[in-house]
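Structure first, then comments.
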Amino acid sequence: MSSSTSTIVAIASAAGTGGVGIVRLSGPQSRQIAVQLGVARLQPRHAHYARFRDAQGAVIDDGIALWFNAPHSFTGEDVVELQGHGSPVLLRQLVARCIELGARQARAGEFSERAFLNGKLDLAQAEAIADVIAAGDLRAARAARRALDGVFSRRVDAVAHTLTRLRIHVEAAIDFADEPLDTLGGNQVRDGLTQARTLLAQLLRDAERGRTLRDGLHAVLIGPPNAGKSSLLNALAGSERAIVTDVAGTTRDTLHEAIQLDGFELTLVDTAGLRDGGDAIEREGMRRARAELERADLALVVLDARDPQAARAAIGDAIDAVPRQLWIHNKCDLLSDAAPLDVNAIAVSAVTGQGLEQLHIRLRELALGDGVESVDGEFSARTRHVEALRRAERHVDAADLELGFEQLELAAEELRLAHEALGEITGKISADDLLGKIFSSFCIGK
């Protein structure tokens, strides 16, 4: 963790050359260092032109200096931004001069870490800074911006507040153990549990959507040989990415292809067909296919529409652990009109394009839910947020079960654990190693 007694410095603008480059200082010596660099006047929140000089008085660069006095700054400390020409050579020289004058090189994410430690933003908001920077399209950028504005954090806090009220009622009932729960606000507890479960379910749904907007979806094409998996990948990608032949077992290795679909990135993984037997190379391909399924968010189960039941047998239980599955009957252009089709499957033809539009719609629904946004709009989220919400949901369910048996101490503990899981999202309950891991993934100047 950083120490606010030190003053840190780093280049805050993007790597490479540009019209403008920024060096950022934060800490108690920031203003003093700026003055020693040659900034004659510094008023809070005013821009001042200056020539930045080295130890011998030679001009390093000229530009603008801005001072944000504590606590009215991003980090909550005294912050000075030096804006000069975007030459990496000059920016590095300016940083070196700041270090000579008493600053030290900032670690990755240390400015955001100090903002978190000084209460300027919570952990989910700090992570959203990196998400805004890394957003690949406008929809993801807007979702990250909402998370940075606190939309996600406020909803987490709303659930946490509900759990706090519940814990007060339950722990009060423990102090009066001789009284039945119903005489001690039992109905309020049950109503509160219902409210907490509803809020958590809605928040988890929206967080899963936010994670997809941020990270995309990892979808594995799985099925027996010659079902048309490679042809379907090519059709979805809009290019001939995979080799296609009539020979079963053509695909031996995995092939990854990322496509943009309605505002999120879908990574398609073509895999070897699953069947009994095959040579050593094909068996290795099938092993890799099963390994991909262990990491998959979505299994696209591709079967030959002419005999889907026989094809299902080849897959067995390989997809059981995948949270989301979509069954696709390919080669539907070869079916007669009277041929039966599983009502739970989508009929497509990778060759003619039949059914691909419906497949796109279904993929979007699986990735982003029903498409109904919350009143606050979409926000970005991360895998750790989703996992924490799932833990909270499990503990609330367990608390409900324990209350049914009037096991108040156990119910109170489950509610405490649910509250703790929510606290991990915003950083109100976080281990130092978790904070270090999160902030170390940031840019140096953030």
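Backbone N, Cα and C atoms are what each Cβ position is placed from, and that goes for glycine too.
Per Swiss-Prot, the features are as follows:
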BINDING   Arg24, Glu81, Lys120, Lys446  (6S)-5-formyl-5,6,7,8-tetrahydrofolate binding site
DOMAIN    216-368  domain 'TrmE-type G'
BINDING   226-231, 245-251, 270-273  GTP binding site
BINDING   Asn226, Thr245, Val247, Thr250  K(+) binding site
BINDING   Ser230, Thr251  Mg(2+) binding site
Going by C-beta under 8 A and a gap of 6 or more residues, the same-chain neighbours of Glu81 ((6S)-5-formyl-5,6,7,8-tetrahydrofolate binding site) are Ala12, Ile22, Val23, Arg24, Leu25, Ala65, Leu66, Phe68
Least surrounded, by Cβ count within 10 Å, of the binding-site residues Arg24, Lys120, Lys229 is Lys120
Comparing local Cβ density (other Cβ atoms within 10 Å) for the binding-site residues Asn226, Ser230 points to Ser230
Whole-Å Cα distance, Asn226 (GTP binding site) to Lys120 ((6S)-5-formyl-5,6,7,8-tetrahydrofolate binding site), is 57
Rounded to a whole number of Å, the separation of the Cα atoms of Ala272 (GTP binding site) and Ser230 (Mg(2+) binding site) comes to 9
Integer Å value for the Cα distance linking Ser230 (Mg(2+) binding site) with Lys120 ((6S)-5-formyl-5,6,7,8-tetrahydrofolate binding site) is 50
As a whole number of Å, the Cα atom of Lys229 (GTP binding site) is distant from the Cα atom of Lys120 ((6S)-5-formyl-5,6,7,8-tetrahydrofolate binding site) by 50
